[in-house]
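Inspection log for the structure reproduced underneath, given as structure tokens.
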């Protein structure tokens, strides 16, 4: 593009065309959604203590990256996409392109870090606080920004595409010969001839043959050309009677310095007239993404494809873990309420657990296993080491599955029964069972080979209880016969029952919360792929086949990727109850406070007017009139008392 075409470009812009203004308004509306939504996310986390978690640190970082996209990228991108003219200068063009890649890459890498955080939370819930601590989360966030900067940095130091610059050189009859040269966008005022050697680009030869009118050799002077036997120079011929290019020929130089063309155009004898006095760079009204193939592949892999595959891997593992745990909960954990039978003293509630007995592990090992019980003891609560050592079980060399049913009385009947217990009896306080326990072995027959013990701390407060499966059937049957004899403190037994139920339900509730959070973030990742995958596909195709990508389609897909920055806060509002509540509270603080005050004042005024009208209406009953008169008198008395006179 020559200087004349560049000047005509800025003059041809229709700034006030209705279609352009409507398009600009739509793009700016998207920008407002990006800024407003991500500001809400940041404010919600900082204003709500409930939302201050490690996972939400990554969400805030994601919102910061999206907010910077809305502030530093989208306003300028909207102007460029609508008018196709860059009016902000070449320096800001370079900075804008780098910031665009930086912020978008940081947003994508934040989604990758969130998927890693959810994977650890779902698959390792017990060790999650130590694995993903606040310090480690902050270090990971810092690494995200550094890695994103390394992806956007190369164009700032010269890794850019070669922009074509066309300059006329020679008039020849009805044709004008010119060189199609290239200039690196990192260089100002220097041109390199577009030489093609064999099948790749060749640099200027160190000692090119001299061609021209006797002047000193200058490789950037259009009057000279470094030509050898294997080099080719592309020369275009433009018909002076037409505004379009009529022919493009290839001039091949031999070692005898003779030049022949298909159109018999003698380059050596052409008079060097109308040469441009200055060689200008690229048009300042253009600011586009680079088409350098190497950088396109480098940035596309680092910004999108590698993070996308990492996220898909983590969520596939999360899905598998969620399916396994949900199946275990549905099959091995069930709570039902039974009806009160005739003559029974308990309103039973049945708690069904599923236990796996593994090989070569004792009870102490089971306490350190994460969710996989490798011994014959299932712990409800946190038993003390003394109790664990006292009731430690022997190692087993087989593997079977046991279904255990724990029947415990209601809190009312336990309190009623506790009044008849002997608190001071040490043997009953430490050894008697509180619940009746039965379990089914692998043969399907029900057995009574189990016993539920309870542990009691000082002051009669029970801390935990655990279930032990043993072999002594006669002794166990004898102990179970004493189940109805409840000893100990009346407050410890309901506490034992509630503690065991609370621990199990808390674990299940925590898992379901983690699974729900993972589902919400999976939707975020799905929207991320939907928004960015089409653009990065076209982004890779364009350097290899520029005619294959329609410019309008490329712009639409580019802004579809930008829309991902506006979609994330909407997903939080739709699927997260905590974020939704925080959003409502922030919005009401900003917009509803004045309206509520005016509404209250209007209500007070309407109530007073209604009282006055009711007191003056003659059609009401005498009692109502007396009541209204009393209200009016009280109102008048209150007004008189409030009168400063």
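The count begins at 1 with the first shown residue.
Cβ from N, Cα, C; glycine included.
Swiss-Prot annotations:
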TOPO_DOM  1-25  topological domain 'Extracellular'
CARBOHYD  2  N-linked glycosylation site
TOPO_DOM  47-56  topological domain 'Cytoplasmic'
TOPO_DOM  78-94  topological domain 'Extracellular'
TOPO_DOM  116-138  topological domain 'Cytoplasmic'
TOPO_DOM  160-295  topological domain 'Extracellular'
CARBOHYD  174  N-linked glycosylation site
REGION    190-212  region 'Disordered'
TOPO_DOM  317-520  topological domain 'Cytoplasmic'
REGION    358-386  region 'Disordered'
COMPBIAS  369-385  compositional bias 'Low complexity'
REGION    479-500  region 'Disordered'
TOPO_DOM  542-551  topological domain 'Extracellular'
TOPO_DOM  573-645  topological domain 'Cytoplasmic'
REGION    621-645  region 'Disordered'
COMPBIAS  629-645  compositional bias 'Basic and acidic residues'
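With DSSP classes pooled into helix, strand and coil, the tally for the topological domain 'Cytoplasmic' (47-56) is 7 helix, 0 strand, 3 coil. Across the topological domain 'Cytoplasmic' (116-138), mean pLDDT in this model comes to 89. Counting residues per DSSP class in helix, strand and coil order gives 11 helix, 0 strand, 6 coil for the topological domain 'Extracellular' (78-94). Outside the topological domain 'Cytoplasmic' (47-56) by six or more residues, the chain places 114, 117-118, 121, 132-134, 137, 517, 578-579, 582, 585-586 with a CB less than 8 A from a CB of the stretch.
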